[in-house]
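Please read the structure below before turning to the comments.
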Amino acid sequence: MVVKYTMSMSFFVIFASTVTIIVHGFPSTLDGPLNPVTAPLDPNLNPIAFDLPESDPSFVKPISEFLLPEQISVSLSYSFDSVWISWVTGEYQIGEKDSAPLDPNCVQSIVQYREFDVRRTRKQNATGHSIVYNQQYSSENGFMNYTSGIIHHVQLTGLKPNTLYRYQCGDPSLSAMSKEYYFRTMPKSTSENYPHRIVVAGDLGLTYNTSTVLGHILSNHPDLVVLLGGFSYADTYLANKTKLDCSSCHCDQNGTSSDCGSCYSSGETYQPRWDYWGRFMEPLTANVPTMMVAGEHEIEPQTENNLTFAAYSSRFAFPSNESGSFSPLYYSFNAGGAHFIVLNSYTLYDNSSDQYIWLESDLIKINRSETPWVVATWSLPWYSTFKGHYREAESMRIHLEDLLYNYRVDIVFNSHVDAYERSNRVYNYTLDQCGPVYITTGAGGAGKLETQHVDDPGNIPDPSQNYSCRSSGLNSTLEPVKDETCPVKQPEYSAYRESSFGFGILEVKNETHALWSWNRNQDLYYLAADVIHIVRQPEMCSVCN
């Protein structure tokens, strides 16, 4: 089913609040559980994504002053009255361990800003901090070590809710300021205030498909973007720019199978792809608050110091301190009357872990009269029926699902699986009207589309043999868990699944109703293939704390 929106369009991202969607007659979670649907694969769709060439104009550093800001992005703080502005100045370096990095103190981190429609108001100045990071390889490849340009982070505070601001970033003392950009703050957190449109996309990469996704996202004028892991895909390249061919690599994300080869053991990445990605995404990230959720491709382990997530945690700003997690891997923030919780699939989550303890404390503190909607997001999906990913994150689910269920999380977004899937409300593999709706949006442009399901004919194992239909017994942090019987048909908790590249849009209408849509690359930007009203029932599903 392809659904056309009736839209009131505008020409600029800054006027996103004027864009509306008029919808009638779509199914609702109140109608559920809905019968499982598997959308047929489009015969004209190439399921393999091809990377854009390194010569793509959007990758190239602008020919300008050395310290002029680039790779500019806006991200939210915990509440409406604060945002972060991040950017890069200078050029990265590739060389030996003892090569001198750029000095962060050689250029200031300053943002000048004011309300968009108050022309006579003096600009305000905010200052921040700057860093550089290193990505180091084994001693034999030390000549390929990467040192970033200077990465700046500035927090703006005291902002008004739902207000358009204009800003420039850089160092005015060096005449090294960016052009003017715009962002809109989130509405104040009440049961009546929500951002008009929230885009959710995962596993973007830098492919021709990513170009289409980015263009469609911009045309839909979002107020907020949530990007789930799989950004630059720098880890799919060696440090010498050689692309790793993993298309025939039949192994899980832990690299436990014998044929994984260099795809999971090289210990190398090509870090300049992070710079390409920052430039490529700037038309979106410089104007629309964008929140990042780490996934597998952001781990990037460094062989000699065991450091992980260096690029991810250095390049973006997170409301970690404001939300009390003090970690870029998991944090929370408010977007009007919606409370978002970001978790990490690749760090410890058992009940004695820092992540679990923080999650429980964050859930306890939520005021549902101010933020009725609670949305959680992380990389590995708990409820995927695609072959190779069925129950892939089982140990994480076992440790955390009760928490999310008892505190009545409404929606969960995941990525990692290069396909789209939406569940009925579910808890512990059982249909439950108080369980979350789980949505996998891991087809943002990169990788190869998953087209086989665990229940497809030929994928169902012989029950007389000792066979696991789950590709992995663990997900890189905890011990394996016992598997269950493989399904012989699409599980009833799987409401809709489709192999297509695209992204999703969440529009929260009020404290009980939200509209979700899946937008495919092969369709026009205003068309949706899967649309449903997600309805909360707080009277029936009270918080069990």
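Heads up, the Cβ atoms here are built off N, Cα and C, so glycines get one too.
Some features that Swiss-Prot has for this protein:
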type	residues	note
ACT_SITE	His389	active site, proton donor
BINDING	Asp203, Tyr233	Fe cation binding site
BINDING	His416, Val417, Asp418	substrate binding site
BINDING	His416	Zn(2+) binding site
CARBOHYD	Asn125	N-linked glycosylation site
CARBOHYD	Asn145	N-linked glycosylation site
CARBOHYD	Asn209	N-linked glycosylation site
CARBOHYD	Asn254	N-linked glycosylation site
CARBOHYD	Asn306	N-linked glycosylation site
CARBOHYD	Asn321	N-linked glycosylation site
CARBOHYD	Asn351	N-linked glycosylation site
CARBOHYD	Asn367	N-linked glycosylation site
CARBOHYD	Asn428	N-linked glycosylation site
CARBOHYD	Asn466	N-linked glycosylation site
CARBOHYD	Asn475	N-linked glycosylation site
CARBOHYD	Asn510	N-linked glycosylation site
SIGNAL	1-25	signal peptide
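Distribution of Swiss-Prot features across the structure.
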residue	record	DSSP (3 states)
Asn125	N-linked glycosylation site	strand
Asn145	N-linked glycosylation site	coil
Asp203	Fe cation binding site	coil
Asn209	N-linked glycosylation site	helix
Tyr233	Fe cation binding site	coil
Asn321	N-linked glycosylation site	coil
His389	active site, proton donor	coil
His416	substrate binding site	coil
Asn428	N-linked glycosylation site	coil
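Note: Asn351 (N-linked glycosylation site) has non-local neighbours His399, i.e. same-chain residues 6+ apart with C-beta under 8 A of its own C-beta.
The substrate site is set by His416, Val417, Asp418; from the centre of their CB atoms, other residues of the chain with a CB within 8 Å are Gly202, Asp203, Pro381, Ser384, Phe386, His389, Ser415, Ala419, Thr440, Gly442, Ala443, Gly447, Glu450. Counting other Cβ atoms within 10 Å of each Cβ, the binding-site residues Asp203, Asp418 show the lowest value at Asp418. The Cα of Asp418 (substrate binding site) lies closest to that of Asp203, out of the recorded positions Asp203, Tyr233, Asn306, Asn510. Local packing around the glycosylation sites Asn209, Asn428, Asn510 was summarised as the count of other Cβ atoms within 10 Å of each Cβ; on this measure the leading residue is Asn209.
Of all the recorded positions in the list Asn145, His416, Asn428, the shortest Cα-Cα distance to Asn367 (N-linked glycosylation site) is found for Asn428.
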